[in-house]
Each structure stands twice: as structure tokens, then as C-alpha cells.
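Q: Could you have a look at this structure, given as C-alpha cells, before my questions?
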Ligand SMILES: [Zn+2]
């Protein structure tokens, strides 16, 4: 599943290819992915709309129009493919945006889990799906104190599970949570309420740092995710995710994999001791 760094890479690519363009027509081949309204009004609202820019909130892409946002979540396998002219659709193409300059943007999704919805600019941040997201991790007001405050709500959860909640630490998903806890030397099963302030501060620094480095590398290329500008390269820097049995880069102990809250979780049993 694309996480914040991969979505940011997609955003930058879309910003270069579609911002400033005006939509002449929209075709929807899989109506279920359009949320909150029927396909007819969805298409009518977008027609003649001009994409001012492409923003991001957490793992949501926001196509910014004059009065509304098109909010797009890629879920497991969603991808955007821009084409300089009209091109025949692929069997996994579910939405086609045609622009007045003749170019097209195809939304492709093998698993069909992705969603699109329109939200008024004025209320978008106070209603689902954008409400209740924590501020962006690179926002200087997102501090260790804010994280500590958020974790109080999840004090009985393992820290791995708590950090996947986008109202606690925006942008961390399964891959980058494992990397963050490894860097911070915190065992993924540690209860959020059992963490010291020092450990929370280490998790905060590590999480922001892991996300920043991953954004700089164009995200990670894992299974189906492919950066639109070529391959993301952060997977080359992964210390624990997908490294089961590989020696820990710090101490040489074999990396282990367990399930936490149903999610595959990688850690070093020597560097990350569980606090009871
Ligand atoms: Zn280790």
C-alpha cells in the first residue's frame, strides 16, 4: 500500500503533468469507487473545472479546483497514468479525465479499492475523510509533546498499532512504522501507555526522519508500487521491513517477523526489547 512518501511522489508527478489543465470530459467505468454522490453529478461537477494544483493530506491526494477538492485515495494499488493524447483504456482503468488540450489522465486500480470524492473547499477539513487527521509530520508544530498527548488515547494499544492511526502520527503506514520503531529502539508490542517521554521523543524524531528520507528517495518500490517517475529507491535503505532473517544492521541479530494487530511486523529482538 502506498504510504505518505509514495503518495507525495505521485503528487509531485501529477503537479507537473496536470496542474493548470481544464477538464473537458470524465468517464467512470467503475461507479462504486465514486463516494458521496452519483456518477452523473460527479462528472458534471468536474466538467470545465480547472485543476489549480495538486495537494496532499496524509495519504490523500487533493486535486484543487476553484471551489472544491477531488479527494483521491489510492488504497492498495491505485495508480495515475498521464498520456499526451487520447489512448485506449486498459482493463484496469476505472476513470479517465480528458483535458481541453487533448491529453488524458487515467486512474488504474487492479484491486479496485481506491476511492474518489468531491468535497467543498470550505468544509473539506471538517468532514470525512479528511477530518481527524493529525497535522502533517513535517509541520514544525507537530512535536513530541503533541505525539505524547495523542498517544494517551491509545494507551492500551501496542505502539505499532497506535502509530498506524492517522490521527496519532499522520503518514506512517506498515513499512515506515517498523522502520521508525527500529530506529527508536522500541519494541512494537510495547503498550503506548508504558512508553517513557524519552522513548516518545525518539519515536517522533525517527518517524519524521524516516518519512523525510523516504520522500527524498521517491518512496519505496515494494510489490506493486511504482513511482510515476521511475522506481522509488527507499527500499534499499530499509533496515527491518521485509528483512526477516537478515542480520540487524546495528547488532547482527536476525530480524524477526511477528503479527501485531493483524499486521506483519519486523523488528530486531536484541535492539528492541519489550518494556513490560
Ligand atoms: Zn539489532
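Glycine is treated like the rest: Cβ placed from N, Cα and C.
Residues or ranges marked as domain 'Formamidopyrimidine-DNA glycosylase catalytic' in TrEMBL: 2-114. The annotation active site, schiff-base intermediate with DNA is assigned in TrEMBL to 2. Summarising the annotation, TrEMBL assigns active site, proton donor to 3, 59, 263. If you look up TrEMBL, you'll see 92, 111, 155 marked as DNA binding site. Residues or ranges marked as domain 'FPG-type' in TrEMBL: 239-273.
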Q: Looking only at residues six or more beyond either end of the domain 'FPG-type' (239-273), which have a C-beta under 8 A from one in the stretch?
A: 157-158, 160-161, 164, 174-175, 178-179, 181-183, 185-189, 222
Q: In Å, rounded, how far does the Cα of residue 111 (DNA binding site) sit from the Cα of residue 59 (active site, proton donor)?
A: 17
Q: Taking the Cα atoms as reference points, how far is residue 155 (DNA binding site) from residue 263 (active site, proton donor) in Å?
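A: Given the Cα positions, residue 155 (DNA binding site) is 19 Å from residue 263 (active site, proton donor).
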Q: Please list, in sequence order, the residues in the chain of residue 3 (active site, proton donor) that are at least six apart in sequence and whose C-beta is under 8 Å away from its C-beta.
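A: Residue 3 (active site, proton donor) has long-range Cβ partners 59, 171, 172, 173, 174, 175, 176, 214, 219.
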Q: Compare all C-alpha positions of 92, 111, 155, the record's DNA binders, and send over the largest distance in angstrom.
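A: Value for the max Cα separation, rounded to a whole number: 42 Å.
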Q: Where residue 263 (active site, proton donor) and residue 2 (active site, schiff-base intermediate with DNA) are concerned, what is their Cα separation in Å, rounded?
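A: That separation, Cα to Cα, works out to 15 Å.
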Q: Reported in the order helix, strand, coil, what are the DSSP residue counts of the domain 'Formamidopyrimidine-DNA glycosylase catalytic' (2-114)?
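A: Within the domain 'Formamidopyrimidine-DNA glycosylase catalytic' (2-114) the tally stands at 26 helix, 42 strand, 45 coil.
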